[in-house]
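Going by TrEMBL, these are the annotated features:
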ACT_SITE  CYS386  active site, proton donor
DOMAIN    76-315  domain 'Orn/DAP/Arg decarboxylase 2 N-terminal'
DOMAIN    316-419  domain 'Orn/DAP/Arg decarboxylase 2 C-terminal'
MOD_RES   LYS89  N6-(pyridoxal phosphate)lysine
SIGNAL    1-16  signal peptide
Amino acid sequence: MSRLFAFLAFCSTTSAFAPSMTGNTRSSDLCMANPTKSVFLTPETAKACIECAGGTPLYAYSLEKLEESANACLAFPNAYGLTVRYAMKACPNSSILKYFSSKGIHIDASSGYEVRRAMAAGIPAEHISLSTQELPADFADLVDLGVKLNACSVSQLERFGKHYAGSGAKVGVRVNPGVGSGGFSKSTTSFSKTNVGGPSSSFGIWHELVTDGTVPAIVEKYGLSVERIHTHIGSGSDPEIWQQVATKSLSFCKLFPDVTALNLGGGYKVGRVEGETTTDLQLIGKPVVEAFRQFAQEEGRELKLEIEPGTFLVAMAGALVSTIQDKVITTGDDGHTFLKLDAGMTDVLRPSLYGAVHPITLFPASGNTGDVGDETESVVVVGHCCESGDLMTPKPGEPEDLAERALRKATIGDICVMDGSGAYCSGMSTKNYNSFPEAPEVLVGKNGETFLIRKRQSLEQIYANEIAVEV
Ligand SMILES: Cc1ncc(COP(=O)(O)O)c(C=O)c1O
């Protein structure tokens, strides 16, 4: 057992988190106490991460927070059994996959490459389910190894059926039930970059093709066995919506007598900043249990529940740690003080992509809590890319606009911690844009110990696959 995993195995549960964001008021040199802790880092532990990674930027992950969220998911209310799958696209580092696996959590993969990556990390094939927008050419090799496939389109089901015709092969069917969570918009049916269900979403087989007999006919034609129904609409934190989703999803299970499990996907929202709600899994799970019990009474089948959170498991367990490498001032009515990080959309794309708001805490370069001080300043925080969209403080609700935040008054060289960066950051960014290397990743243990779990990419690795031609 490696030092890291011996250590992981030893760890136990604890924790609490209070997001700290000082607001968007425009005023300079406000006088208020500055935070001496971000979600899980102090100036001292942030500095230890920087030393561990050999500089900034870096991603830091809290083992304590990972454990807390894993335990919450594993306690999701269920009537007849539960499998928790980690949507690994949220943060695919092998140490995180292995840690969740050690807790009994399985994997949701979004591509053939993710399946292979999880297996390379030691995850057993039977613990991986694949729901993908692009069926890999070698899908049958993966299925033969034990990977569970959810057909996400009619054409995927046809391709699966042709390969396994007459064998009674087991398959899952991902259904688009006709509504989505709305994501960052309020509508449940119109387009939003984070809406994963409804007529504006291409994910899953449109529900009418399930109920009008099209899908059952394909299943019959190839002699397949549908063992799992899958829906993922990013259902948020409202128990009523979860009940509706569960009931609607169970209605699809009625059409396939071999179904043994219903996967309700992920989408459990977390509150990163004030005013955003963190999903209470116990609350949203209760009506889901009732719906499963009622199904069992009516149909005589006790279905297992599957959930596959990404955000909930890792979002608040990760932070981007960077250095303020420049400070720029513009004047006039529209003038601002800009803090420029040595990180940006190359590391955390969510603010540029969705207008997502992340908590930001500034620490002194010394890494000493005693140097935090009281002075604050209203600033706009931007990334290091030559790109006007590389903005870390968008206006809440108006992603095209910028906002000032009152933060600790900082100077060049100070440390910036951007919390809520565990999900869809390291794994989803414009990495290598402007030829900035992929940032390293550091795992922080319960007593502040640091473990490098990914090295910083070198410049040579960025262009290693280029082939020079004389033209
Ligand atoms: C099929 C599927 N499952 C699970 C997830 C994880 O969602 P979240 O990170 O919102 O929990 C996603 C994300 O889009 C998904 O597409």
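If you go along the chain as it appears here, the first residue is 1 and each next one adds 1.
Yeah, the Cβs are placed from backbone N, Cα and C, and that goes for glycine too.
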Averaged over the domain 'Orn/DAP/Arg decarboxylase 2 C-terminal' (316-419), what pLDDT does the predicted model reach? 96
Collapsed DSSP category at CYS386 (active site, proton donor): coil
Its residues classified by DSSP, the domain 'Orn/DAP/Arg decarboxylase 2 C-terminal' (316-419) shows 10 helix, 46 strand, 48 coil
